[in-house]
Each structure stands twice: as C-alpha cells, then as structure tokens.
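Before any comments, here is the structure.
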Amino acid sequence: MLLLGCIKEVSEYELVISLPNGLSGFVPVTQISDAYSKMLSKEVAQGELLEDLNSLLDMYSPGTLVRCIVTSVEKRADGRRSIKLSIDPKKVNKGLNTSSLASGMLLSGSVSSVEDHGYLIDIGVSGTHAFLPRQKAQNYIKALKRGPDLKIGQNLNCIIVEVKNEGRVVRLSVDRSEVAASLATERQNWTFSNLLPGLVVKARVQKVAPLGMKLSFLSSFTGIVDFMHMDPEKSMNYSPDQVMKACILSIHPTSKVVRLTLRQAFLQPGGSPNQLSSDRMGAVVEESTVKAFYKQFGAIFELDDGTLGFARLKHLSKNRKSLKPVAFKAGCKHKCRIIDYSLMDEMCIVSLKYQVIEARFLQYQDIHTGDVVQGKVFALKPIGMQVKVADGIKGLVPLMHLADVILKQPEKKYNIGDEVRCRVLECNPEGRKLILTLKKSLVQSKLPVLSSYEDAKPGVITHGFVVCAREFGCIVKFYNDVKGLVPKNELNPEPISCPDKVFHEGQVVKVMVLKCEPQQERLLLSFRLSSKSAPEDKKECSLKKKQEVKYQIGEMVDVKVLKKKDNGLEVSILEDEGKVIASIPTVHLSDFVATCKLLWHCLQEGDVLPRVMCLSDKGEHIILSRKSAVISAVQEEQVVRSFSEIQPGMLLTGYVRNVMPFGVFVEFPFGVTGLAPKVSMSDKFVTDTKDHFEVGQTVIAKVMSIDEEKQRVLLNLKVSECSSGDSAAESFALLNQYFKEMKEIRNLLRRKGEPSMARDLCELVPGKELQLVVQDMKEDGSALFSGSCVTGLTVTATRYHLGDKNLVPGEKTKALVLHVDALTSKVYVSLREELLKQRAKQVCVHGSQRTPSTLPSCST
C-alpha cells in the first residue's frame with residue numbers, strides 16, 4: 001500500500017511517520033535508499049565512521065512530507081499493531097518504467113551520488129539514468145540550510161523536466177516554485193499501477209455523503225475523501241459536479257481504493273502541514289464542544305482555542321458498553337485531554353477517559369530524571385525487565401537495578417502484570433529511552449538527585465551505586481550517567497587493602513562530593529561523610545538545605561495555592577508531594593503589572609498553577625515567578641549567572657526592583673542588579689520616574705557600561721535601544737501574551753461565579769460591538785455612555801474615537817470595545833466607522849492606558 005506521510009520524529013535509527021487517520025509508522029534506517037544502505041554496510045564492515053555518511057538527523061526534519069510504502073504490519077506484545085514503512089524509491093516507484101516517464105511528472109527520488117555538475121538521483125526505475133543539475137537545486141539547498149550540498153540518502157520531491165532516449169536519460173528539478181506549481185494531468189499517462197501519493201490533481205465531485213465524498217480525476221479514476229480530509233471551511237458547501245484541487249493520500253493495491261485530501265496544506269506539492277505548539281500537548285481542555293459524532297469512528301470536537309480534535313470510539317468512554325451516543329450530540333460539551341497530534345489530518349487526537357485526563361505522564365517529554373513512577377511489569381528479558389509506565393511509554397530496569405542485591409532468578413520475584421514503583425535513572429525523549437531502578441534505597445531516598453556535573457557542589461551528600469571496585473578505589477554512578485571516583489583513602493576511616501572484597505557492583509552507597517570539574521566531567525567523592533552534616537531525622541533543620549539543592553534557579557515546577565497574602569501567594573510544590581512551601585509575589589504573577597493584581601484577585605486556595613519557575617532559593621521560602629518573558633530568557637540561556645558574564649551591549653530581560661527619583665533599579669534572574677539612570681529610562685523626557693515604571697514591571701534592558709571595581713552595571717531602558725531587531729514582532733508577541741493572560745482571567749472569573757459586574761467585564765473583549773446610549777459630553781470632547789450590557793461600568797470614548805459624529809445626550813449609537821481596565825471597571829470604546837467595519841480584523845489598545853515599557857501602545 002502506498003501512502004503520503006509526514007515526518008513526525010527523527011532519531012539515529014528510524015523516522016517516525018504520521019499517516020492519515022491518526023496512524024503512525026516507522027521507517028528503519030535500512031529503508032531509506034539502496035545507496036544509503038550500501039554505505040551503512042560498508043561502515044559496519046570497516047568498523048570506522050565514513051566521512052560521506054550522514055545521519056538521519058542531518059538529512060530529515062519533522063514536518064516534511066514523504067511518499068511511503070507499507071512493508072509489514074506486525075502485532076506487538078501489547079496488542080497494538082506496528083506499521084513498518086519504506087521510502088526507498090525502488091519500492092515506492094516500483095510501478096514506473098522507462099516508457100511511462102513523461103515531462104512534468106512529480107515523483108520521489110533519493111540522492112545516490114554527488115558529481116561536479118550536479119547529482120545522480122535514484123528514482124527507482126531500472127535502466128534510467130536520472131540527473132539533477134546543480135543550478136536546479138540551488139534554491140532548494142539554500143532554503144534547507146543544511147550545508148552547501150545535497151547528501152547521499154536525502155529524499156527529494158522531483159519533477160521531470162526532460163526525458164531523452166526513450167526514458168533512459170531523465171533531467172530533473174527540485175526547484176520549489178516548479179514543484180509547487182506541479183499538477184498531474186492525463187497527458188502524463190498515469191495508470192493505476194504507477195499512480196503515486198502526493199500528486200495534486202483536478203477532481204470533480206460525483207457524490208456527497210455524511211461521512212465523505214466520491215470524486216473523479218484524471219479521466220478514468222475515482223477516489224474517496226473521508227470526513228477528516230474535507231476542508232473545514234467548506235465542508236458544508238460541496239455539491240455534485242463541483243471541480244476542485246485534491247491531493248492523493250493513499251492507494252490500496254488490492255481493493256483499488258484511492259483516498260484523497262482537500263486540506264489546503266497538501267494542495268501545493270512540497271508544502272508542510274500545520275503543527276501543534278509544544279505547550280498544547282497533554283493540555284486538559286475543560287470544555288470542548290461536539291461538532292459531529294460518527295458511530296463507527298468517534299467524534300470531532302472544537303477545542304477552547306478553535307482548533308479541531310478527534311476522539312476515537314475507545315477514547316469516548318471507559319468501554320464500549322458505557323458509551324452513550326446521546327451524550328455526543330452537536331453542541332454538547334465535554335472535558336478532554338490532548339494526547340497526540342495527527343500531522344496528516346492537522347487535528348488533535350483527544351481522550352475523554354478519566355484515567356487519561358488524570359494521567360501524570362502522556363509522553364517521554366513529561367518524565368524527568370529522578371521522578372518516582374508507577375508501572376506494570378511488561379516483559380522479562382536477558383538484559384533486564386521492561387516496565388510499562390503509561391500507554392506508549394516503556395522503560396527498562398537493567399538486571400543490576402532489579403533489587404538492592406543482584407537477583408539470580410528475577411522471574412521468581414516478578415511476574416508479568418505486577419505493579420512496581422521505580423525511579424527514573426535516565427530519560428532521553430528523542431531516543432525514546434527510559435532507564436529505571438527498583439533499588440529501594442534509591443527509590444525511597446530523600447537526598448538530592450545528582451543528574452548533572454553542575455549539580456555536584458562540594459559538600460552535597462547523596463545516594464549512588466557502585467559500578468566498579470578496584471585497588472584504586474570505587475567508581476560510583478548517579479543519574480543521567482553522571483559518575484565519580486571515590487579514591488582508596490576516602491573509602492573508610494580505616495585503611496581498606498582490597499576494596500573489591502568490601503564493595504560490590506550495584507551496591508547503593510551514600511557519598512559526599514569533595515570536588516567537581518563540570519567541563520572535564522570529573523567528580524571526586526568520599527564515603528567519609530562529614531560529622532557536621534545534619535542528621536536525616538532532623539527534618540526541620542535540613543528542610544531549607546534540601547530545598548536549596550533540589551530547586552535550582554530556572555527549574556520549572558507545578559504548584560498549588562495554599563493561602564493568599566497581601567504581597568502574594570503561598571504555594572506548595574506538587575512535585576515534592578506538597579511538602580515544600582514556596583511563595584509567588586504578586587508582581588511575579590505576570591509580566592504585566594495590571595494583570596498581576598487581577599490574577600491575585602481571581603486565584604483561590606486550591607487552584608493549581610502549572611510550569612512556574614524557581615527564581616530564588618534564598619530566605620525562608622523558595623521564591624517563584626510566572627513571568628513568561630523572564631522564564632523564556634532563562635530557558636533560552638539569554639541570561640547572565642554572575643557579574644563576570646556581563647558585557648556592554650547585552651540585551652537582558654529583568655524586572656523593576658525599585659523606582660527612585662534618579663533612576664530605576666532592575667534585577668535579573670540569578671540576582672544580578674543594574675541601574676537605569678533617569679536620562680536612559682525613556683525616549684521621552686522624564687519628569688517623574690514613577691510616571692514611567694512600577695515595581696515588578698518586566699523590562700528589557702541594554703547594558704551600557706560596567707564598573708568591575710565597584711561591581712556596578714549601568715542600563716538603558718529606552719525602547720529605541722532595547723529592540724533585538726524586529727520590534728514589531730516583539731511587540732505583537734507581548735500583546736499576544738497579554739491577551740492570552742486576559743483570557744485566562746476571564747475563564748477564572750467565569751468558573752468562580754463572580755458577581756454580575758465581573759461577569760460583564762469578562763464578556764467585554766476588545767473588538768466586541770456594543771449598543772450604547774450617550775450619557776454625557778465632556779469639555780475635552782470625550783463622551784460617557786451607558787447601556788444594559790455595561791451596567792455599573794464607566795464607558796468612555798476620547799474625542800478622536802468619536803470620529804466625525806456630533807452626539808447629544810440620549811442618542812443611541814454603536815461602539816467598538818478598544819480596551820477593558822478590569823481593576824477600575826473602565827471600558828474604552830470607539831465610534832469610528834473604519835474600526836466598526838473591520839472589527840473582526842483589528843484589535844487596538846487605547847493609547848491612554850499605561851502599559852509596560854516593552855509593550856508599546858497602539859495609538860490611533
């Protein structure tokens with residue numbers, strides 16, 4: 001069976017391919033092309049790396065469309081089916097021969113050789129020599145940004161430019177504009193035996209049904225478009241005899257069924273389907289609306305952000321018997337969780353199952369080194385035991401880690417299906433690799449997790465396990481393959497002549513870090529623990545130290561609100577089962593000062609805040625922050641960790657610590673502070689510094705100069721100086737973040753059942769049209785309004801936003817919401833005709849509303 005697929009993940013040994021209808025398949029490294037397989041075999045035979053052999057990671061990227069052929073479908077031990085695929089042109093294009101090749105044909109090819117004037121391309125047709133001139137590949141290579149040349153094994157979307165000598169010589173092009181304009185026609189003599197997925201054709205509607213449509217194309221072919229591949233914008237407007245573009249998705253050789261798609265992303269060869277933002281994967285949607293229910297397949301939902309989601313029948317309820325179709329009528333609302341994304345269907349895959357919604361882990365990216373996880377014994381193998389942590393997530397417990405002692409017969413202790421509690425030793429999401437331990441001493445340890453050499457500070461006491469005992473001492477391993485040496489003199493207060501007789505492989509030990517050199521990955525340890533270290537039973541004394549070690553600056557945690565205080569929120573960190581108390585100052589609830597106060601008002605005890613960043617480990621409690629700009633700066637390493645790292649000209653994201661008459665003090669993550677003098681605060685003349693900045697406000701600052709002797713940093717906060725280049729993009733990104741947080745606040749107000757005035761404020765979003773009555777005209781030319789939809793609120797429009805209208809009190813008029821100040825219950829509106837006509841396209845922030853210095857107002 002031939003299919004069009006989209007690369008979802010790339011690893012060293014395989015490509016994960018998204019297939020139509022939410023399926024996934026795998027292309028092993030041996031199924032790329034003949035030339036690539038020969039190079040792999042040569043490398044294995046020689047036992048050394050070949051210079052011309054590139055890894056799959058160097059050649060392939062997620063989001064790329066590829067033509068595949070199914071090579072096998074295997075049933076795995078967990079009952080699921082594994083689809084093995086090939087993108088080898090000899091298999092994909094096996095229906096083509098020299099006589100069937102024609103100018104304008106679009107097909108798959110693979111680079112087999114790099115020549116002086118171009119490339120030899122394997123198009124899978126025996127007896128045909130296909131050549132791609134270098135000038136026909138230049139634009140493609142530049143757009144790809146993967147070096148100056150194409151690589152052997154690289155899969156290409158080729159268009160035939162010229163056919164010579166009855167098909168024995170073919171000249172190709174991969175120019176993006178030529179490929180994008182490609183359209184399969186009758187003149188190219190396509191037959192069912194050589195028809196290829198990915199071809200764009202002109203099709204005519206033959207029949208429209210509830211679950212799809214039947215189309216005719218290329219004169220003699222018919223195909224099916226199922227409900228998931230109709231254009232969502234036009235799905236209700238298709239009619240017989242209508243002509244449109246369609247793309248071939250799959251061709252079944254035995255049933256002779258051809259499936260097509262009408263989705264826009266596929267109607268231009270070489271295009272790429274839309275992808276899901278990483279923060280949406282695993283998200284729980286409180287209210288998703290049923291768009292359609294198909295009793296044989298599942299249901300389509302509209303999610304809270306307007307995107308579509310599909311739930312298979314098995315994910316609509318606990319089991320088939322408990323499924324009630326009446327609960328899935330159009331318009332019904334359900335809680336669901338995004339569990340996957342189908343690139344080929346451009347649709348989220350969701351589940352309504354309670355156990356899935358409440359699941360702690362959905363993908364390898366959710367698991368972190370040191371996490372304690374529950375799992376089920378899946379299989380016992382010679383190398384260890386496989387444990388199923390969640391659907392699609394399996395881990396390996398090596399033989400050494402099945403217990404505190406080495407088990408000679410693990411099958412006597414463990415049975416398939418047993419529940420086990422493990423700890424994560426190593427997690428590599430890209431390679432889908434998860435290594436676990438069942439050693440109770442490690443699973444139950446309350447000491448810090450040592451998962452990087454940077455964590456190994458002198459004096460830290462932690463648990464590890466012995467991997468080697470020799471006459472020179474012991475090598476002890478920790479998490480993420482971090483290891484260190486315990487020299488012979490640090491094994492015991494009394495000399496040990498033969499360490500291998502005292503210590504054994506796999507033994508859990510408690511060690512203290514003596515010295516660490518992170519860059520050289522060298523770690524010196526000791527079994528001789530300092531007597532000054534706090535005893536384990538004195539929890540109260542050691543709590544602060546543990547917190548400082550465990551929660552480093554920049555670490556992301558989920559928290560639960562315990563108490564609201566005047567200056568912020570007291571929270572508990574869920575990752576530590578709520579035992580660690582922290583605080584989020586009010587000014588750190590958002591990048592926007594006004595939003596901070598609103599969020600503090602809306603949040604209640606018991607609310608959970610995901611992905612909050614540790615900002616400081618000083619003082620009585622850990623200090624946390626929800627400032628998106630600050631979090632992004634730390635995660636993207638656009639920060640300085642000490643004064644010595646600061647350089648003039650740097651752009652740093654921070655927050656206002658103090659506003660003084662002579663300037664503004666700005667603090668950055670990791671505690672570095674600088675001063676922006678009055679003259680460098682704004683592009684406008686500054687009379688009073690408090691008119692321009694507030695404490696806690698997020699800012700982008702440019703380093704002007706540093707004084708190493710006095711450890712002082714002078715900053716510039718002028719908007720004209722603090723842009724990294726694309727100021728419009730930066731402003732719109734901040735504006736988008738502001739609206740996102742306002743949406744969160746509106747949802748909180750609705751959920752908490754706030755009084756009617758607060759609910760009215762929730763509904764007054766920028767761009768909404770209102771019916772108002774003129775209440776009063778002011779001396780400055782502005783106007784006040786009233787109306788049933790704005791009872792108790794102050795609604796005003798400046799003279800500019802009245803346009804050319806001459807209003808009188810009592811007159812009825814239409815107005816457009818520009819901005820809502822929820823704290824003061826003020827609503828700013830506009831009566832200008834050009835805005836009213838384009839309200840769905842344009843959102844503007846009122847110029848008089850004071851905004852953060854990095855978020856310019858949109859004055860009209």
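Cβ coordinates come from backbone N, Cα and C, glycine included.
From a predicted model like this one, the values you see are computed outputs, not experimental measurements.
Residues or ranges marked as domain 'S1 motif' by TrEMBL: 1-88 (among others).
The annotation domain 'S1 motif' is assigned in TrEMBL to 104-175 (among others).
Positions annotated as domain 'S1 motif' by TrEMBL: 198-263 (among others).
Residues or ranges marked as domain 'S1 motif' in TrEMBL: 282-353 (among others).
Among the features that TrEMBL reports, domain 'S1 motif' is placed at 370-439 (among others).
Residues annotated as domain 'S1 motif' in TrEMBL: 459-528 (among others).
Summarising the annotation, TrEMBL assigns domain 'S1 motif' to 649-718 (among others). Break the domain 'S1 motif' (649-718) down by DSSP state and the numbers are 9 helix, 35 strand, 26 coil.
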Considering the domain 'S1 motif' (104-175), which listed stretch of 198-263, 282-353, 370-439, 649-718 counts the most C-beta pairs under 8 Å: 198-263
DSSP-derived helix, strand and coil totals, residue by residue, for the domain 'S1 motif' (198-263): 3 helix, 35 strand, 28 coil
Residues in the domain 'S1 motif' (459-528) grouped by DSSP into helix, strand and remaining coil: 10 helix, 35 strand, 25 coil
Segment-level pLDDT (mean, integer) for the domain 'S1 motif' (370-439): 89
